[in-house]
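Working notes, structure below.
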There are 2 protein chains.
Amino acid sequence: MAAAIALSGRGRGLSTPNPNVGCLIVRDGHVVGRGWTQKGGRPHAEAQALDQAMDRAAGATAYVTLEPCFHLSPRGPRCADLMARAGVARVVIALRDPDPRTDGQGASWLRERGVTVEMGLMADEAARAMGGFVLRQTLGRPHVTLKLGLSLDGRIALPDGSSRWITGPDARAHAHMERARHDAILVGGGTLRADTPSLDVRLAGLEARSPRRMVLTRVDAPAGWERIAAPQDIATLDRVDHLLVEGGAAAAAAFLRADLVDRLLLYRAPIVIGEGLAGIGDIGLTDLAQAHGRWRMTDTRALGVDRLEVYEAVRSA
Amino acid sequence: MAAAIALSGRGRGLSTPNPNVGCLIVRDGHVVGRGWTQKGGRPHAEAQALDQAMDRAAGATAYVTLEPCFHLSPRGPRCADLMARAGVARVVIALRDPDPRTDGQGASWLRERGVTVEMGLMADEAARAMGGFVLRQTLGRPHVTLKLGLSLDGRIALPDGSSRWITGPDARAHAHMERARHDAILVGGGTLRADTPSLDVRLAGLEARSPRRMVLTRVDAPAGWERIAAPQDIATLDRVDHLLVEGGAAAAAAFLRADLVDRLLLYRAPIVIGEGLAGIGDIGLTDLAQAHGRWRMTDTRALGVDRLEVYEAVRSA
């Protein structure tokens, strides 16, 4: 399942309007098929993996990060039916599909046709890998990551605004890979006017993965930029499951104040800046006690001399 | 040697005017003596370990973090001589004594008496454990640690100054243990007037280890406080090998600006504060390129939900 979840990551930022599912088919200890949701949502991961497996799918075990779909669509076949027809003996599912058109019916269909079905293996990890899809289904909005490149003392720039460079090449390359895994990137109006950032993916081979560019502003957006007037408007965005907020301090604060940040992506350089610009503006905090218990570290690692820290919002279920 | 270095830590904050040395004596695979420099500097680590070992020192190997002393003192015996008389067969030394009164003569004395001497094992780690002594000898000043308790976005307090609590009980207990390992703690004049911190060690059994209290200010210090007018004045402090600077932002910046911080002790809580107070004021940085290559992480660990990060200043030798 861990391998299937890793495969699902390949569809991140590409698969909308469909979830980025991963699927692995194993027979007699050998991987006979691998798939992930393709660009634009089709083919589905299962269909792709079954295509690879061909007749080796008969009697095999399929690991899939989301319950195979059951609803009829003009865009492609029902994966639950495909799997049953291919003779898959056992389907291990991480996450039950929250989409009401499937929601357990895919598993039922398989079981009725004699397929062994297990559900729930690594469900948390799968939900994290398909965070945008899950939030779309549960809260009706995209998954939001706030990215900051910081000094040890939490500065994102010198007093004059210069921020090239705080983090080193490894951290910057990682940040570009994160861009490729998002459907859209957003900056605040002030940052757009001050920096005119290109927000593209500057990694060899991934240039075509540059996401849509958005700006949080009350005035008109320039050509090539989409506009939202308030963080809450992300719910109206079409085909955006994963949104990356790259600053500045006012935009970061607006999303935090609205409790619309699901993940913090902090690149911390081993430098001290002292007087300088902060990465996050006023979030309306008046009591330190309210600040606690809201963030949980899920990853930390070295990126050259810098460190990556990933935090996820703690929300009651 | 790692065990001897760990023993040396027990004398930190107590052993001045002598270095906090650690010594371990091993014979036939068994530890027969352990010692560390005692309060006020005597007995020396070697004398204490030899006392424990008694006649088992004959033919044994001694691991000692600093070259045994050779200079005559009215305060006690010469350790190099003590070791030779006890019949120690082999002495493994981490760090050559930079004090010109010994500086290789301890090792020579031992070799002349037929003792095998090896020097340099874990010298970097030993120098770190005796950082204050080494800096006293090389730069003529104490070793300075700057401590900060920070949010993820680098804030040390809300805009109104409230900072209770940013970090949790585990991090605060660790910070009190660090206090006990320092000879003196310093705060800025503003912090003293605003918070009147007690700066004591609030750990069961270590209350008596509360260090001397110092304030960086141009005006008179209140009773119970010692005063320095500028960071450079630390060179004049008597019996202070390890100084802990606990803020505020102006004092932290003054020491950083003077390049008088050797170690950063960062306790980082998993909270976001947004608008708030910064831990470090203006350090005179005008170009980000100058900020790089100055700090190297030497430790990071979880303390409850918080993280400790330790950085050391990178200085050319």
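Here, residue 1 is simply the first one shown, and the rest follow in order.
Quick reminder: no glycine exception, Cβ is built from N, Cα and C everywhere.
Note that TrEMBL annotation is computational and uncurated.
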Please identify which of B:Glu125, B:Glu226, B:Glu246 is recorded by TrEMBL as part of the substrate site containing B:Ser163, B:Arg179, B:Arg202. B:Glu246
Please identify which of B:Gly149, B:Gly205 is recorded by TrEMBL as part of the NADP(+) site containing B:Trp165, B:Thr191, B:Asp195, B:Leu199, B:Gly248, B:Ala249, B:Ala250, B:Ala251, B:Ala252, B:Ala253, B:Ala254. B:Gly149
Hey, TrEMBL has Zn(2+) bound by B:His44, B:Cys79. Any idea which of B:Cys23, B:Cys69 it lists too? B:Cys69
Out of B:Glu46, B:Cys79, B:Ala249, B:Ala251, point to the one nearest B:Ser163 (substrate binding site) in space (Cα versus Cα); all of them are recorded positions in the record. B:Ala249
With 8 Å as the upper Cβ-Cβ limit, not reached, which of the binding-site residues B:Cys69, B:Cys79, B:Arg179, B:Glu246, B:Ala253 neighbour chain A? B:Ala253
What is the nearest of the binding-site residues B:Cys79, B:Arg179, B:Arg202 to B:Ala253 (NADP(+) binding site), using the Cα of each? B:Arg179
Which binding-site residues sit within 10 Å of B:Glu46 (active site, proton donor) - Cα, from B:Cys79, B:Gly149, B:Thr191, B:Glu246, B:Ala249, B:Ala251: B:Cys79
In angstrom units, rounded to an integer, how far apart are the Cα atoms of B:Ala249 (NADP(+) binding site) and B:Arg179 (substrate binding site)? 19
Summed over the domain 'CMP/dCMP-type deaminase' (B:1-117), the DSSP helix, strand and coil counts are 42 helix, 29 strand, 46 coil
